Amino acid sequence: MDFAGALSGDHLKFLFNGFMVTLYIAFISIVLSFIIGIIIGTLRYAKIPVISKVLALIVETIRNLPLLLIIFFTYFALPEIGIKMSITAAAITALTVFESAMLSEIVRSGLNSIDKGQIEAARSSGLTYIQTLSKIVMPQALRRMVPPIVSQFISLLKDTSLAVIIALPELMHNAQIIYAQNINYVIPIFILVSVMYFIVNYGLSLIARRLESRQA
Amino acid sequence: MIDLSILINNLDTYLEGFKNTVLSSIIALIGSFILGVIIAIFRISPLKPLNWIGTAYVEFIRNIPLLIITFFFFIGLPALGLTLSGFVAGTIALAIYTASFIAEAIRAGIQSVPKGQMEAARSSGLTYLQTMTKIILPQAIKIVIPPIGNQFINLVKNSSILGIVAGLDLMYFGDIVSSTTFVTFDVYIFVALFYLVLTIPLSLGVGYLEKRLARNH
């Protein structure tokens, strides 16, 4: 094992750059997924005849597929039907598709957790259904969604590593390039990369826990 | 349209991958459950050092990607002189990773049983072990089953990690089929269907248990 060689300044910088890509891709994907997740989750909650059922089918299908398959498919299979994307676009698309399905479930259960009596009260005091949703139900539900969304972001940060199969230059990919040079770098790099993921994710999980206990 | 002949002509290859995905999932499921129970016992144990080990395991493993753990067994151990096949390395990694989530689900379940029950049982003369097995665990198990079921669904999906380390699973054999047929789209649609054959019934089962146990509660 060669700790000094593996953890040289250049290598650290290269890993740091990779980690920035990981954070960047994960952040963009979670923001997009949040927007799409809110729309899908609300449409499913509102039980609009055909639409809710179709969305349920799509969400359940995506949630039950491996993310690795979705990433691979987006980059390697979609070009066969004419949809060609850059590596970065494919990574963001695949992660967003998968995470939107996950977040829509968080949104839906957040909305469902609000007491039905409040909807009846709001409706009978003259608010429309849309007003009730946007002014009464959604603001309360959003607060309850924050901790599970932070947890989902942690999963997403970890899952971004799966984009190594399409050679996205994120942390794991850059780590691979470094330890491929010298077998004595493998263990030191694994330790360092694990610690990098751990610090960020553990920090986020502490935030999620604090938010949860504040609400309880 | 999707070309069905790809599925028919390569059915044996697909089934070989499907078999290995199922096999890896079952082995990892059993392994992660046993390991998860041990870690959960560590975490709630009154002995401080065991407690630390349990907490360190759960917090560390949960917060790093499964891919690193897999690469550790597939690339890291060979660097130290121990070579494992992709299937073995991936399956061990799956078990170790999933165990941290199962341990956490079990701990949460056990701790959701009110503390007063432990005190009441202990003061009425039961030992710690008797209290655990007769009073606490039977109640905790109801709370714990749905989250553990969800972890098993995740495990089946995560088993696709074997594809990255040539672990002979569905993803791996999908790659073989697509390199012989020169088709990717149709080939992986069938791979996806094979995964859904496993995960959809599991999801429905867990959903059903969740509803039933919630009603009894």
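Cβ atoms here come from the backbone N, Cα and C positions, even for glycine.
Caution: TrEMBL annotation is automatic and unverified by curators.
According to TrEMBL, the features are:
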| type | residues | note |
| --- | --- | --- |
| DOMAIN | B:18-206 | domain 'ABC transmembrane type-1' |
| TRANSMEM | B:22-42 | transmembrane segment |
| TRANSMEM | B:63-81 | transmembrane segment |
| TRANSMEM | B:87-106 | transmembrane segment |
| TRANSMEM | B:161-182 | transmembrane segment |
| TRANSMEM | B:188-209 | transmembrane segment |
**OP:** Kindly say whether the transmembrane segment (B:87-106) and the transmembrane segment (B:188-209) touch, using the definition of 3 or more Cβ pairs under 8 Å where each pair is 6 or more positions apart.
**Re:** no
Subject >> Spatial neighbours of the transmembrane segment (B:161-182) far in sequence, C-beta under 8 Å, 6+ residues away >> reply: 6, 10, 13-14, 16-18, 20-21, 24, 66-67, 70-71, 74, 85-87, 89-91, 93-94, 188, 190-191, 194-195
Original post:
Residues of the same chain, at least six outside the transmembrane segment (B:22-42), with any C-beta under 8 angstroms of its C-beta?
Top reply: 50-51, 53-54, 57-58, 87, 90-92, 94-107, 110, 148, 151-152, 155-156, 159, 162, 167, 169, 198
